[in-house]
Structures are given as structure tokens and as C-alpha cells.
Amino acid sequence: MPRKKCKMEKQVEVNTNTAHNGEDEHPTRIKDNESLHKLKALLEDKRIFLSRNYKFSSAEEKERLFTLAKSLKPRNPSFIIMLRPSHLYSRVVYLPAKFTNKYLTQDIKLIKLRAYKGREWPVQIGWMYGGCNTMQGWNEFLNDTKLKAGDICVFELIRTEDLLLEVSVFNKS
């Protein structure tokens, strides 16, 4: 089967052949409630978490997320975030609570993000409402990697000792 590695990182494998498992290459459209449940189930089978409050903003977004979800094969627990304009301007991203509660502890205040060419960014996190969000350092990461609204980021937990997350980016365009 042909496999394609993502542009920004080699940890998450992407299978570009969607028909390998008997599924139609052109997925049928499903209702948003049903499709969100199916997307979350598909991702969680692969140990990839998505925010419980996630909502599709368009049919195109839904198709992109389903296509990507089917092709991802992370080696470690991961979470996925579709960047919204608010993530870019507020300097805050809420990490999926299921991921943070399972793999992080509330005494952790700093994570490292590693992306393009192995560069690392320290990002402070703050705990609230049973989960956590990014704080100082997130904006630097966004600016340096030139991420835009609509880009999809997959954060894979690589090391637990110093909480290193490998970031694979799937650009909108």
C-alpha cells in the first residue's frame, strides 16, 4: 500500500489509499450528529482524541477530517485540532479533556511542541474545568510555523518524561 508521510513530521503515517479497507473512495454525506459520533469513534479507536464540544463548521471541514482520520496511523496517544480563527488570535487552544485527563497530571505546567525540522517550542499550560489550555508560548509556535485557520494539527505524545508532543500539520490549501 502506498504511504505518504506528512510534510511537517514523520511520526504520523498517512495512508493515501482510502479504498484499501473496502470503503468507497467518495464517502457518502451523513447528518452532522451522526457523523461527529462516527468521527470520534474512528479517532478513539486509533487513540486520537477530539474535543467533546467539537462542531463542524462546514461540509468541507467534515470531509477533510473524515478523510484524514481514516488515513492516520499514530504510534502513540494523540489529539487532533482543526485551527479556528479564535485559536490564532486568542493565543489559547483547549486540549481535549479525555487526552489531558488520561495522559497528563495537573502538576504539569509546561509541554514541548516539536514540529518542522525538529525545532521545539516550550508552551505553558493552564488547568481549568477538568482540562487544560495553552498559554504562553503558543503564539510563538503559531507564528514560527505560519499556521492558518483551517489547518489540521495532530499532536502525538512522544515522551512522557518531559511531555514532548510531535506536531504534524495538514495545511488547508
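Backbone N, Cα and C atoms are what each Cβ position is placed from, and that goes for glycine too.
Bear in mind that TrEMBL entries carry predicted annotations, made automatically and left uncurated.
What TrEMBL records for 78-173 is domain 'TF-B3'.
The residues of the domain 'TF-B3' (78-173), classed with DSSP into helix (H, G, I), strand (E, B) and coil, number 23 helix, 40 strand, 33 coil. Averaged across the domain 'TF-B3' (78-173), pLDDT for the predicted model comes to 90.
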